[in-house]
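Asker: I have a structure I would like to understand better, so I am pasting it below and will then ask my questions one at a time.
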Amino acid sequence: MIGILALQGAFEEHGKCFSRLGEKTKEIRQKKDFSDVTALVIPGGESTVISKLLQELDLYEVIRQAINDGMCVFGTCAGMILLGSSIEQHENNSKVVPFSAIEMTVSRNAYGRQLSSFQTRGTFSGEDCEMVFIRGPIAKTVADDVEILSVVDENIVAVRQGNCLATAFHPELTNDLTVHQYFLDMIHEGKK
Ligand code: GLN
């Protein structure tokens, strides 16, 4: 069963996307919800808030361990920040403890104030895809074995490393199911 981390942010919309693809999900709010989860979505929202709650609810370590053990995980926006291995923080009072799931340096709020939110079409893993950016991050540098799935305006906005997928944009806020379908394919690939 796919779990959707439901501590803060745009988690409900992910559930709707998977449901349109015929896939059941459950919302994860505390440690005991996590026991029967075989794949996880970390939604967009505010990475500092999600990070703090992960620590307070004692969820950080179980999730980190599950990712290390090969569970498929998909992070959007704030979720992408949390999957990074190093974070460039643009607000010095904020602290995010990432999962180091994908070897990349992520720059938070990378678009600055002027162009912070916009909608565009781009290519995701070779497919045309609608993309909504809301104060999104950018992957500044990625390790050699990180697959770059999408580049928009010369910025890396979607990556995959093994069982971990991250997008700087919000596919769940569009009607486009390309990325959610890709994640389901990843999960099924892992089961082969
Ligand atoms: N700017 C947010 C952060 O740094 C991410 C925004 C989003 O998830 N839409 O956590």
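Each Cβ is built from the backbone N, Cα and C atoms, and glycine gets one as well.
So TrEMBL has the following annotated:
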type	residues	note
BINDING	Gly45, Glu46, Ser47, Arg108, Ile134, Arg135	L-glutamine binding site
ACT_SITE	Cys77	active site, nucleophile
ACT_SITE	His170	active site, charge relay system
ACT_SITE	Glu172	active site, charge relay system
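Show me how these features fit into the structure around them.
Answerer: Residue environment of Gly45 (L-glutamine binding site) contains 21 other Cβ atoms, counted within 10 Å of its Cβ in all protein chains.
Cys77 (active site, nucleophile) has a Cβ environment of 30 other Cβ atoms inside 10 Å. Secondary structure at Cys77 (active site, nucleophile), as computed by DSSP, is coil.
Cβ contacts within 10 Å of His170 (active site, charge relay system), excluding its own Cβ and spanning all protein chains shown: 25. According to DSSP, His170 (active site, charge relay system) sits in a coil region rather than a helix or strand.
The Cβ of Glu172 (active site, charge relay system) lies under 8 Å from the Cβ of Ala10, Glu13, His14, Lys16, Cys17, Pro43, Gly44, Thr76, His180, each on the same chain and at least six residues away in sequence.
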Asker: For Ile134 (L-glutamine binding site), just give me the three-state DSSP call.
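Answerer: Going by the DSSP assignment, Ile134 (L-glutamine binding site) falls within a strand, counted as strand.
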Asker: Determine the C-alpha span of the L-glutamine site listed in the record, that is the greatest distance between any two of Gly45, Glu46, Ser47, Arg108, Ile134, Arg135, in Å to the nearest whole number.
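Answerer: The widest Cα-Cα gap among those binding residues is 13 Å.
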Asker: Return the members of Ser47, Cys77, Glu172 (the recorded positions) with CB less than 6 angstroms from at least one atom of ligand 1, or none.
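Answerer: Ser47, Cys77, by Cβ distance under 6 Å.
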Asker: From the Cα of Cys77 (active site, nucleophile) across to the Cα of His170 (active site, charge relay system), what is the distance in angstrom?
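Answerer: Cα-Cα, rounded: 7 Å.
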